[in-house]
């Protein structure tokens, strides 16, 4: 497949939501289906490829460039490794804490990969991106017109939904100039009350779909302890099949939309409606009250 025809997707989500775990398990399932895949990790934790490679952390492009003095002194084989089902794996890396911008590492890595032929003979390139905030750096795959399909990993928890709405706002900012579209919300379950209904409602408000609900299963943690995807660790498990279903949905997805992010007040109203957040009236009764003093509401 020519570079022009490669589908470039990105997984965004707040820290701790299970974004990297969800993306790697889904991409492993896609690779099982014969898709040729390159993962570009864009998270400073450099954990976007560890399950594919059975490793703690891959050497990053930015770290090696700093050691050598320039990215031109790196060989592609040093930073692009092959993992489960021949998935190609790269970590862009990030700056030292408090110094520089994450976007520098991301765009340096992407340019280096393109210039050295890493995007040849691929069906998908996947960017795994931190999404607590969509600052200029972490929005780089969108800003530069690389990622065209965005999938947001979220859950029925308030901060995960808040981050999802912020990410949708970032997608909207570049939708008309770069052609990026929102492919859907992936609900990585936290077993909160009415979680499926809540995320489906949020998806409609954002003009997108809940593309899949991934149930919570301890087998995911068992696989992670072994630095493996569920599809490799327990290929016959129900959870592995869930990732295969999600993988097929992404492969077949034509529902790519310009998102309609909502205001904070509307998000809070939605959370109140589903019992995630207390109403102002109830909150006023609770603020400053100890466990023994607080009224039951």
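Here the Cβ of each residue, glycine as well, is placed from N, Cα and C on the backbone.
Feature annotations, reproduced from Swiss-Prot:
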BINDING   13, 14, 15, 16, 17, 18, 19, 20  ATP binding site
BINDING   101, 135  [4Fe-4S] cluster binding site
MOD_RES   104  ADP-ribosylarginine
When the number of other CB atoms within 10 A of each residue's CB is tallied over all shown chains, which of the binding-site residues 13, 15, 16, 18 has the maximum? 13
For residue 19 (ATP binding site), just count the other CB atoms lying within 10 A of its CB, please. 26
Under a three-state reduction of DSSP output, how is residue 13 (ATP binding site) classified: helix, strand, or coil? strand
